[in-house]
């Protein structure tokens, strides 16, 4: 990448070599400065898409919680009276369905953190705190680190999550893990099961800080003095939820809590990690160091995916993520319309990959191991797996 972000001839040739999981060519995102501005993108979107409705937003909360309650009724009342052999099928069905619906609840709380729920920031924070705490998420802690992710997307130095490493920083055993199907599978399983709690507690896959970083530490390097009291509030919310689970465990038993709440929560956490990973990990997406990065190119360094019917269950955070990074205060129920409006403006800067999720996960885990710049000149970095 030359000065000013110009694409080299070698980069253009590499574009033609990339292949998606369905065999179609995947063209790398352009890394030149876009020929449009954020203002021009915004003008292409109908003005009503930026309007937030308390009634409509709460409608989605009620909708999701009604389904959660219905599934809970199924688990508590209906499964116990089923013939014994049917339990083996009924419980996994409950876990998967409840985990998916609760992921939708997680997404609504995420919107609260972006002030996309209503016009009232206090209301957004109250709703977000309650919903996220119920899923053992420190709401304000995540809100502020996630805000910095949106402010620095695609930056090698300042992005907050799924920050790729350069080849020189990879451990010696990396080729034996990622180039080995068994090792790759183990890596994916560990990432989906432990990735979220490890990120919150130990900043695993996050940006490096000069000292220990933890989302539960009000005095950690992630947060500034103005944010610390709200980190305490987040911790109180998680502790309160934990205390409620302890009381339920005392009343009904530990394994009852695991069956009813624990397994669906693991599925929520797995979806959260997978969705975020696939939004920001793709052979066509660039990363930038400080010599090339700017906010607009960083915001465009993400990809929309197709999760089928789960797009609706997850409130379209999956297939409208590009629009979300450009306008994070836009409510999810307008994001599809906004995405359709901006695609002609973005042109080849817009990335959408319809590869089935399982196939895409395996491909990205195989091909997107580290990043390197063309000819080691810095500036723009692309995913690679060559050792």
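Glycine is no exception: its Cβ is also placed from the backbone N, Cα and C atoms.
Owing to the predicted nature of the structure, the values given are computational and were not obtained by experimental measurement.
From the options 204-228, 254-278, 279-303, 304-328, the stretch TrEMBL describes as transmembrane segment is 254-278. In this model, the domain 'Fatty acid desaturase' (90-350) carries an average pLDDT of 97.
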